[in-house]
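Take a look at the structure below.
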Amino acid sequence: MELPVISTGNAPTMQNGHLTDRRKGITQFTVHIPDSDTRRGTPSSATTEARWSTLEFRIYTMVFAVVVPLMVWIPYKLSDKLHANYLNYAYRLSDGWIPGRKADISDPQYRTFRRNIPALIGLSVAYLACSRLFSAFQPRYFPQWTKTWFLVAFEVCMLLLLHGIGAFKIGLIVFINWALTAWAVRRVERGRAPTWLTPAIVWSFNGAMLFANDYYEGYSLKAIHSSLAFLDSHSGLLPRWHVNFNITMLRLISYGMDYHWASLNGRNDASPSHRLSAQSTPPTLPSSYKERVKTSLPLSAYSLADFFAYAIYPPLYIAGPIMSFNDFTWQIRYPAPPTRRALLNYAIRFLACLLTMEFVLHYLYVVAIKDSGAWHGDTPAELSMIGFWNLIVVWLKLLVPWRFFRLWALADGMDAPENMVRCMANNYSTMGFWRSWHRSYNLWTVRYIYVPLGGSDNLILATTLVFTFVALWHDLSFRLLTWGWLISLFILPEIIGKKILPASRYGRNSWYRHVCAAGAVCNILLMMIANLVGFAIGIEGVRYMLKELVATWQGVYFVIFACSCIFVGVQIMFEYREEELRQGVHRKC
């Protein structure tokens, strides 16, 4: 079930090809997404009046003002040196920069990023300086060079620095992928092979690489011959290149499929819009995200150099966000950089996220508690907050790097998709949550898996296969596979609810919002369980936590209280989205 989407007339306006952000008030807390998720509204007499000043929402606000600080206070007390379980996890804590506080940087993924922030800043500054110098001197001294060739040159140096001998392995995989794709496209173009050949080769090769990279752990040269063992020691700053290669693999598939569809467009429509030379300017440039993704480039743009520049693009190489080949190449050829004000605002937003993460790590030691299993004797409320704040840490540990790399790309004039639109705790829809969480990956899976499999016409199968791929792509483990299947299963109640009580029919009834909120409470609980299994405490940890929550009357009373609080939170989420709609902002999450 979902609230009806109502657009109003107070919409964003276009200025120099960009949507001008006209959000006001509390809606500015949510990151601004250009026209991909914000669209012009149309006047509607059915627009709901703001509920913030009603008695109902004043009560909700009071509950909110009491419960949210309590949710912070509980894990803060669990992190106190005087707590009975403190010594059971204290060995996992490190010295912090806040006086009198330790830091819980026991999560290895974020610890690696945090430790390398100075090096990443140095790399980004070096890249941006070289990029600016190239742009300044290229017209006069290197007129025959394009931005693509600068990128290729810098990327080769960067790969050697980061991965040493691994750079040649990456280069070989990229080259083989390009050669196989180009060969298949030519065969299909000449009518010597069926159209499914290219997708089959692209997916088969990259799927094989996904498994082979994991199985052989980056391909030790010593395994080939003992005389090559010395080369393995020259592995650069990031020796385990295969760990981050999953992100690159998505780009390899994007290139192959975009090239395939461009080739089919060329065969089916020989009009000038499909057969432009690489140097010509199309009559109407694709200005929005959706237009850039769907509009094929001239076939000459799918060259090895363009492919390599896209696959290893420095700002997005390590962790994304993920861009499609079409989107990236259109922006390289016809850049539309953000304004200085927009860039500054995004930099401030990144710093706010980074400091938020630092305060969480210094005051709430929930990751160390979780990893040590130091929760015996804790109350149901304390157990639930350990799980909840571990999910917040998972959200932040992904949000901070993604915001950093997207900021780097924006500084280079590249508008990559925003990965996380809303706070983890500001989601009630299972479908909307996955559109917001790792959004660029969601856009990728929709374009290259969900839609080709039939989309909404084949909803259950397409969704199951999408989340199976997502789980295996993250990690070839049963735990993540269980997570993927749980997500597929937990999406069903929302789908069924929408079919039984569609907003188009019942949305104007006064009871509808409250029924939706009750359904959203169930959604949130199911999403928390699935993500605790996949990314926090695993199956056994969730089993123990659920047992403790329902095995005693104290636990049952707490569950009832927690569901009531979540109900209040959902009502505020509903009204927050209504406030966005009143300002002409419509998101799908």
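Every residue gets a Cβ built from N, Cα and C, even glycine.
TrEMBL: automatically predicted annotations, no manual curation.
Here's what TrEMBL has on this protein:
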type: TRANSMEM; residues: 57-76; note: transmembrane segment
type: TRANSMEM; residues: 117-137; note: transmembrane segment
type: TRANSMEM; residues: 149-181; note: transmembrane segment
type: TRANSMEM; residues: 193-212; note: transmembrane segment
type: TRANSMEM; residues: 307-325; note: transmembrane segment
type: TRANSMEM; residues: 346-366; note: transmembrane segment
type: TRANSMEM; residues: 386-405; note: transmembrane segment
type: TRANSMEM; residues: 448-472; note: transmembrane segment
type: TRANSMEM; residues: 478-496; note: transmembrane segment
type: TRANSMEM; residues: 517-539; note: transmembrane segment
type: TRANSMEM; residues: 551-574; note: transmembrane segment
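The listed stretches are 193-212, 307-325, 346-366, 386-405; of these, 307-325 has the most Cβ pairs under 8 Å to the transmembrane segment (149-181). It is 386-405 that, among the stretches 57-76, 386-405, 448-472, forms the most Cβ pairs under 8 Å with the transmembrane segment (307-325). If you look at the transmembrane segment (117-137), the same-chain residues 6 or more away from its ends with a CB under 8 A from one of its CBs are 145, 147, 150, 154, 158, 237, 314-315, 404, 408, 411-412. Within the same chain, residues 3, 56-57, 60-61, 63-64, 67, 379-381, 384, 425-428, 513, 516-518, 520-521, 524-525 sit at least 6 positions outside the transmembrane segment (551-574) and bring their C-beta atoms closer than 8 Å to a C-beta of that stretch.
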